[in-house]
Amino acid sequence: MFDKQKNRYIRVELASPDQIRNWAERTLPNGEIVGKVTKPYTLHYNSHKPEKDGLFCERIFGPIKSGICACGKYHGFVKNLPEVKFCKQCGVEFTDSKVRRYRMGYIQLAYPATHIWYLKRLPSHIATLLKMSLKEVESLVYCDLFLPRPIIKKPNLLKVKKLFNYDDQLWKETLPRFFSTRSFESFQNREMATGGDAIHKRLSSLNLQKLIFQSYNEWEKLSLQRSTGNSYEDKKIQRMKDIIIRRIKLAKQFFENNIKPEWMVLSVLPVLPPELRPMIEINQGELITSDLNELYRRVIYRNNTLIGFLNKSNSTPAGLIIYQKRLVQEAVDALIDNRIGNQIMKDRNNRPYKSFSEIIEGKEGRFRQDLLGKRVDYSGRSVIVVGPSLSLHQCGIPKDMAIELFQPFIIRDLINCQLAPNLRAARSMIQNQEPIIFKILEKIIKNHPILLNRAPTLHRLGIQAFQPILVEGLAIRLHPLVCGGFNADFDGDQMAVHIPLSLEAQAEARFLMLANSNLLSPANGEPITVPSQDMLLGLYVLTMSCKQGIYIYNEQKLKKKIPYFCNYIDVITAYEKKQINLHDPIWLKWYGNLRGTSSTKKQKLFEIQCESRGTRRKIFENWHFCENIRNRKFTIYLFTTPGRIIFNQLLEQSIQATVRI
């Protein structure tokens, strides 16, 4: 069984053939070892009972009914009993039927089959380690290509052909006869390698440390080469560098995790527990089954056929054996991933079978649907809406949701403060929503962060911590700048609320997961809290000026004078009193120089006004100033709007707050 204390995480990695056998093999009291599936049968057509040594065998996977063997005898069972009891007649263990959910079997392949994930998933790990192209590796795996096997003190096929290179007529007649005999076929099997066996031997001969050292030397040689000036050659060199880096990283991962490269070629194929690939009886004895059972059956059929051919290799043509090896490889490919294999296997309705990869991946896969999609306590869910008045690290939680989530904390404080005599009275006070409840709730959430999560959680910013604020309504309020990390918007998206309970979880949420501590993307280091969508539109509306160039507005502009203001406070006061609008043009007195203003040199001079005292007033498009006789500016006015002034004030406050931090 799965021990929660010893096994705290799940890791997916390559398993060795011995480890797969250890998962499945068990020894009966009579010394017989079970676990190997040798027959492609599932249930008997008449009795609907599992076939012996088949895909649903009770000797391998356990009894269908608790305490009842295949013979129908009931013996009963006791959990955690050191002595395991078996039926002497059928060899089935008297135990709980739940063991069929985790007991595995295995198929001993007659010929190694390459794992399609490491062959065809790009980039191909096998091709990277072997320094071969993907096309060459695929041709070798599917028996379209042969490799010579150099053996010490034994000639290989290529040397034999060179030795027989004579022009004598006798040799021309003798050689074709030799290459078509049985002796040559055995000679070819000894000297030539193809299929998964060739890949297995090449991978097993790799020395990972030596491969890493050689790859570093190749990288240094390529890095010393200068640009050739030819874009094609430069791209080719860069592509070679990328392949070398990929090979070094892959070899390091294999070496550090103590994984052998030859494990990417399967000689033992694990069989999933029968409860994970069920076969169900419906009306009138009709059976429906999982697609995995059909794919397993095809693997066993073809593997057994290959075993028969190899046992009769003297009378079986070599070409037929090679073709059967390819069929076994294609059957294993379809079982693991039926979408990327050479031959997509379909049922009688021309529907592709659902393979193992399709069952575990995706939103409805085994991991996200069954393992990650669990409902948990102290959690809630609601629609998100924008909260423009919130700080970056705050979120608005509806009062009803907060009362329900923090109910145990409220009850504890009510009893500790002697405001409620018992649990029942405390719950009654919460249901009546007495005023004291909200005071206690605000005190609790002040020092208790919450976690917000939006599915799918594709990276670590998909779940962040916030300081909760009680709000009215039924929706969760969120600062718009944190939407980038969640990939959320306010068009009906929902988010889940979780409460960290332990002190360790609360400390992690407060110091590592708060939204104001996750401003950069973990993928590329770029800022992720940037304004977008509604925020950009709001900034545009806030800072735009009144409409110009339209006839109906030109007449109003001529009638109304542009007001002058001395400082920000006068502008904000006039705006709050509704004397001016957000987009009305105004002249604002500027007390600094014009170096900070944009495009001051590019603006055209519209008008120069000369006064009797010798002063001059120069008027430009967005600013004007007064000069004395010595050409010194003493009064400067900027052409702006109240909206731009408000935006500038907020920007100054943010910069000053950042500098203080």
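From the backbone N, Cα and C atoms, a Cβ is placed for every residue, glycine too.
Residues or ranges marked as Zn(2+) binding site by Swiss-Prot on the basis of sequence analysis: Cys69, Cys71, Cys87, Cys90. Swiss-Prot lists Asp489, Asp491, Asp493 with the feature Mg(2+) binding site.
Note on the binding-site residues Asp489, Asp491, Asp493: the fewest other CB atoms within 10 A surround the CB of Asp491.
The Cβ of Cys90 (Zn(2+) binding site) lies under 8 Å from the Cβ of Glu58, Arg59, Cys69, Ala70, Cys71, each of which sits 6+ residues away along the same chain. With respect to their backbone Cα atoms, Asp491 (Mg(2+) binding site) and Cys87 (Zn(2+) binding site) stand 63 Å from each other. Reduced to three states, the DSSP call for Cys87 (Zn(2+) binding site) is coil. In terms of local Cβ density within 10 Å, Cys69 ranks first among the binding-site residues Cys69, Cys71. Within 10 Å of the C-beta atom of Cys87 (Zn(2+) binding site) sit 20 other C-beta atoms, taking all shown protein chains into account. Here the CA atom of Asp489 (Mg(2+) binding site) lies 62 Å from the CA atom of Cys87 (Zn(2+) binding site).
Within 8 A of the CB centroid of the Mg(2+) site residues Asp489, Asp491, Asp493, the other residues of that chain are Ile384, Ala488, Phe490, Gly492.
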